[in-house]
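> The structure's right below; bear with me while I get my questions together.
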Amino acid sequence: MKITLNGAPTDVKAETLAAALDELGYADAKVATALNERFVPSAARADAVLSPGDRIEVVAPQQGG
Amino acid sequence: MRLYGTEITSRLMLGTAQYPSPAVLADAFQRSGAGIATVSVRREAGAERAGAAFWSLVRELGVTLLPNTAGCHSVKEAVTTAQMARELFDTAWIKLEVIGHADTLQPDPFGLVEAARILTGEGFRVFPYTTEDVVLADRLLDAGCEVLMPWGAPIGTGLGLTNIYGLRTLRAQFSDVPMVVDAGLGLPSHAAMAMEMGFDAVLLNTAVAKAGDPAAMAEGFAHAVQAGRLAWQADPMEPRDMAAPSTPVIGRAFLE
């Protein structure tokens, strides 16, 4: 299905957020996620079912002021 | 100094952005003696792992981490960013930025109070990036903030304390609230002035990271913060307009 990953159109076969992260190369990465602008804790990703058009944000630690 | 129940020994807080290299960042932190480092979150691509590299770098600094919501312009964005930062950095501390103006990066006071109330309700320890406005400070305290972070000047300008009167008033109005002057400092003298006025700490980034020698500047700021703190504790003299001789005049030799 077509989703948006960090603002870019992306195709995934996965049906959950957890599976999508595996499919997109984030397995074991230190990241936090949001689905349609709502935070999804890591423990809830396996239960977060994706729908076409969903917007996923994946963030990691970065430098900040 | 206690911030949300945590004892912090250094009154200098340092950002982690814009350094020429990770090695320079680590050197600057070591010479600054900073006890708190600000960090952020950003989008990461699938195979990138930049976040993991930065994570191991900041953990080696051995300092307390204060994630921010830099770049957020709405309450929703700031709240979601804070929630993601809490999970990533495993801390309830959040430097809350809700930006209201693109050119000045001035906080949106209305959004800031709303976001502070939501995050406090969710158990966050909120460090709001605010202005010197005393009414806004009062609202932030009502919203559950126990620390305030008034700006010295707009972020990244290096202008120093642009509203001395406002900052002095804020400090006097809430004398028991820990306050960190955050943003706009360019020189150690600016930090010393903030500390001389009774602020509890300063937070800076660009002034150190963009100096020709960041580590030396970091050490300069460390000395300035200590000097300013000592001056505040030492109860400075009152300035006066007319000269007053410091050398005793009684007993002066008559040589005319």
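Including glycine, each Cβ sits where the backbone N, Cα and C put it.
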> Name the one residue among B:Gly123, B:Gly144, B:Gly156, B:Gly251 that TrEMBL lists for the same 1-deoxy-D-xylulose 5-phosphate site as B:Ala183, B:Gly184, B:Asn205, B:Thr206.
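The candidate from B:Gly123, B:Gly144, B:Gly156, B:Gly251 that TrEMBL ties to 1-deoxy-D-xylulose 5-phosphate along with B:Ala183, B:Gly184, B:Asn205, B:Thr206 is B:Gly156.
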> I need the least crowded one of these binding-site residues (B:Gly156, B:Gly184), counting other C-beta atoms within 10 angstroms of each C-beta.
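Selected from the binding-site residues B:Gly156, B:Gly184 on minimum Cβ neighbours within 10 Å: B:Gly156.
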> Please compute the mean pLDDT of the model over the domain 'Thiazole synthase ThiG' (B:3-248).
96
> Do me a favour and check the Cα-Cα span between B:Thr206 (1-deoxy-D-xylulose 5-phosphate binding site) and B:Lys95 (active site, schiff-base intermediate with DXP); whole Å is fine.
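Each residue's Cα considered, B:Thr206 (1-deoxy-D-xylulose 5-phosphate binding site) and B:Lys95 (active site, schiff-base intermediate with DXP) end up 17 Å apart.
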> I need the most crowded of these binding-site residues: B:Asn205, B:Thr206. Count other C-beta atoms within 10 angstroms of each C-beta and give me the top one.
B:Asn205
> Using a 10 Å cut-off, grab the number of neighbouring Cβ atoms around the Cβ of B:Lys95 (active site, schiff-base intermediate with DXP), all chains included.
28
> Between the Cα atoms of B:Ala183 (1-deoxy-D-xylulose 5-phosphate binding site) and B:Lys95 (active site, schiff-base intermediate with DXP), what distance do you get, rounded to the nearest Å?
12
> Return one of helix, strand or coil for B:Asn205 (1-deoxy-D-xylulose 5-phosphate binding site), based on DSSP.
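Looking at the DSSP assignment, B:Asn205 (1-deoxy-D-xylulose 5-phosphate binding site) belongs to neither helix nor strand, so coil.
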